Amino acid sequence: MPINNEGYTYCHEHLYIDLSEQKGDIDCKLDQYALICDEMRDLVNLGVSNIVEVTNRYMGRNPHFLECLMRDSGMNILLSTGYYIEGFFPKKLYTQSAEDIRDEMIKEINIGIDGSPLKASLIGEIGSSDNAFSETEQKVFKAAAMAQYETGRPISTHLSFSTMGKDQIALLKQCGADLSRVTIGHCDLKNNLDKMLWIIDQGCYVQFDTIGKNSYFPDEQRIDMLEELAKRDLLTRVMLSMDITRRSHLKNNGGPGFTYLIETFLPALLERGFSQQQVDTMLRHNPYTLFN
């Protein structure tokens, strides 16, 4: 599904995800269709046209749910292929070869996902653990690099608490991945400007994609880091999102909701001196360039 460039794009979200069994918490089953559909309609009315949905195999991915959501809300949704991180892998992954995993990814990109007419637009979110990068996680990255070579589709990664970014990129580079078609997720959970500058210098995008999760890292400091990137004229490698994953994140359940980025975070950016052109770069032009 191509990006609709008429509006903004959230680069890293979950509209249906079920990690409740692994985490032992029903809050981690994001499946409340009516509430999510209402929030998508609100986003469309606020100028958001696209959601990059990075729920993949064994994270509860539900293409039928997303197909209905597109129909009922008017939101354009891009789907993903891949495997997440240790603790969320199926048993078969440990015995599969990187080539087998590559072939699965290519099938979901070229043919469709789980018998649905929807195809994967990107490879993601594939990740590494907190300060660790297991053998099987690395195997998924090798498969992703091969699938990217065959299909040209972008790769979207997951950093656990903003760690292991250099290791991810080193492996992708070793495997021949096109780093200009790679975006590194969850870079904004620590004050790590130097690491972000290094990632951008390698040619990758960085994602400020946990906006609103102030219990992890305050938005005020996210804006501080964005200011430093803006001073260096590097916002052309930055994208924004919220990484909604729980029922309690939805507005009707007491959370910030998907509109927080538009209604709260963007006004804070503008108040700090960011221009509308800079906002458009991060929310419109960069996602269009990467995901199309």
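Glycine residues also receive a Cβ, built from the backbone N, Cα and C atoms like all the rest.
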Same-site divalent metal cation 2 binder from Glu125, Glu220, Glu227, given that TrEMBL records His158, His186: Glu125
Beyond the site residues Glu125, His158, His186: chain residues whose C-beta lies within 8 Å of the centroid, for divalent metal cation 2: His12, Val54, Gly124, Ile126, Gly127, Ser156, Thr157, Leu159, Ser160, Gly185, Asp209, Asp243
Packing count at Asp243 (divalent metal cation 1 binding site) (other Cβ atoms within 10 Å of its Cβ): 23
Shell list (divalent metal cation 1; ref centroid = CB of His12, His14, Glu125, Asp243; cutoff 8 A): Glu13, Val54, Thr55, His158, Gly185, Asp209, Ser241, Ile244, Thr245
Proximal but sequence-remote residues of the same chain as His186 (divalent metal cation 2 binding site) (Cβ under 8 Å, at least 6 apart): His158, Leu159, Ser160, Phe161, Ser162, Gln207, Asp209, Thr210, Asp243
For Glu125 (divalent metal cation 1 binding site), nearby residues of its own chain (Cβ under 8 Å, 6 or more apart in sequence): His12, Val54, Asn56, Ser80, Gly82, Tyr84, Ser156, Thr157, His158, Gly185
